[in-house]
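Undergrad: First, the structure itself, so that you have it in front of you.
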Amino acid sequence: MRRKQSELETESVGKLLRKYTIPALIGNIVIVVYNFVDRWFIGQFIGEEALAASGITFYLLMVFIAFSMLIGIGAGTIISIRLGQKNIEDSEKILGNSVTLFFIVSIILTVILWFNLDFILLKSGANNETLPYARAYMRILIPISLANFYSYGLSNVMRAANAPKTAMFAMIIGGVVNLVLDYIFVVLFHMGIEGTAYATLIGNVLSAVYVMYFFIRGKPLFRLNMFGRSIDEASILRLRKKHLPLSYKISYDILKIGMSSFLLQSVNAAVGVVINNVISSTGGTTGVAIMTIINTYLTLIVMSVYSIAQGAQPIIGYNYGAKRFDRVKASFNMSIIWGLIMSAVFFLVIMLIPRELILLFNKDSNSNVIHDGIKAMRIYFMLIIPASVGTIVPNYFQSIGNAREAIILNIMRQVFIFMIVMLIFTRIWGLDGVWYAQPVTDVIFTFIVGVLLVIENKKLSKEIMK
């Protein structure tokens, strides 16, 4: 255990960032695969209306992710700092409280969504064509929100507890099961959109079982060799019954630190609802289908860059707690560079083959979705390279426990910049205004976080000189 903790303080930053980022990236890509695979089967075997419906339910599912981040990232960040301070007991208390908080939130969320589902879906942009599909999909997924919380939310705690490969494999389990069952339920059994929901449900449950077993028993459910490497990490932390009762201070700290990520996802969901309504009124079902495809690739890009921030989080948090500010600065700047490189790769792919990317979700090569979607994708993603800085910087502040700065930045981006720009642009250019609003937002926000990046580097340099 001491060796695993000390490597965060002594191992080269580049090697550590690679060690923590790659499993986080694979795990997050698997999460994206949940939506990607579902939408591929829906678009290819069910139809445009069902594809649009999946885009509407996407923003409800973002609420689940928001609460997963609220508690999971909050707990993971504090645990990283406590481990840097060599405080195992407090770290296990935080783990226990996070498990209980997830349970309470899942009950509240399930009741609210179940009894208000049609109202929420209609406000999210559903119409007579898409509502039946969206309702059928969500009725299956809502009751198992707890599995989603434990599988995704606690994976952040796994990384903080120096088990990045185990966190990755927990996500892989769900993704592979989802892929196989999508084919069985949709293609072979012709279960429609309900089949994709059941596939996701079963994948989430199996992933959650794997995560909980790891923390309860202190080791993975089974050992596995992948790419010549063994996944047999032991847990630094154990989930103990005595730590399950909620502590006000611990719960408050978890929610305070995780609030930035929660607000980011919640605001994204709220903005998405507004976008869906704007698109539904200006572009109809076809416009919503295009936005669904864009969101699928946007999620892939954001989660990939975010994986770098996740990989840096335990390194930054631990060394910040240990007052190794030279390593904090190195991790911060290296994560920025990696984010720029990764987003550049996505930029090239989208600009070169947008038609092929859209055809993955729409088999009719002559449809309006193809024609209008190519233009929309090239506009929407034209500035994703500098936009990656806007993903890394807020998560840096969260990693060192500065929740206020992270919250302000995340709300500023989506509410005070994007929403205002989009509402102005749609009055001028209609549906095209939605597509142009994103790159304009990226320019403004990148300038703001660029200034903060320079300021924070100067602060770290002063701490290093002391």
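Keep in mind that glycine also has a Cβ here, set from the backbone N, Cα and C atoms.
Automatic, uncurated: that is what TrEMBL annotation is.
Heads up, here are the entries from TrEMBL:
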- 20-37: transmembrane segment (TRANSMEM)
- 57-82: transmembrane segment (TRANSMEM)
- 94-116: transmembrane segment (TRANSMEM)
- 136-155: transmembrane segment (TRANSMEM)
- 167-191: transmembrane segment (TRANSMEM)
- 197-216: transmembrane segment (TRANSMEM)
- 250-275: transmembrane segment (TRANSMEM)
- 287-309: transmembrane segment (TRANSMEM)
- 330-353: transmembrane segment (TRANSMEM)
- 379-397: transmembrane segment (TRANSMEM)
- 409-429: transmembrane segment (TRANSMEM)
- 435-455: transmembrane segment (TRANSMEM)
Undergrad: I'm a bit unsure how to read this: which one of 94-116, 167-191, 287-309, 409-429, 435-455 has the highest number of Cβ pairs shorter than 8 Å with the transmembrane segment (136-155)?
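TA: Checked against 94-116, 167-191, 287-309, 409-429, 435-455; highest Cβ contact count belongs to 94-116.
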Undergrad: Near the transmembrane segment (379-397), which same-chain residues lie under 8 Å Cβ to Cβ, leaving out any that are not at least 6 residues past its ends?
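TA: Contacts of the transmembrane segment (379-397) (Cβ under 8 Å, skipping residues fewer than 6 from its ends): 260-261, 264, 294, 297-298, 301-302, 305-306, 308-310, 312-313, 316, 332, 335-336, 339-340, 342-344, 346-347, 350-351, 403, 405-406, 409-410, 413, 432, 435-436, 438-439, 442-443, 445-446, 449-450, 452-453, 456.
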Undergrad: Does the transmembrane segment (94-116) reach the transmembrane segment (167-191) with at least 3 CB pairs under 8 A, where each pair is 6 or more residues apart?
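TA: Contact between the transmembrane segment (167-191) and the transmembrane segment (94-116): absent, because fewer than 3 Cβ pairs are under 8 Å.
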Undergrad: Any contact between the transmembrane segment (409-429) and the transmembrane segment (435-455)? By contact I mean 3+ C-beta pairs closer than 8 Å, pairs at least 6 apart along the chain.
TA: yes
Undergrad: List, by number or range, the same-chain residues at least 6 past the transmembrane segment (435-455) whose CB is under 8 A from its CB atoms?
TA: 336, 375-376, 379-384, 386-387, 389-390, 393-394, 405, 409, 412-413, 417-418, 421-422, 425-426, 429
Undergrad: Quick one: do the transmembrane segment (57-82) and the transmembrane segment (250-275) have at least 3 Cβ pairs under 8 Å, skipping pairs fewer than 6 apart in sequence?
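TA: Answer yes: the transmembrane segment (57-82) meets the transmembrane segment (250-275) with 3 or more Cβ pairs below 8 Å.
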Undergrad: Give the nonlocal contacts of the transmembrane segment (250-275) in its own chain as ranges (CB under 8 Å, at least six residues past its ends).
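TA: Cβ under 8 Å, 6 or more out: 58-60, 62-63, 65-67, 69-75, 77-78, 93-94, 97-98, 101, 123-125, 291, 295, 394-395, 397-398, 401, 403, 406-407, 409-411, 413-415, 418-419, 422, 434.
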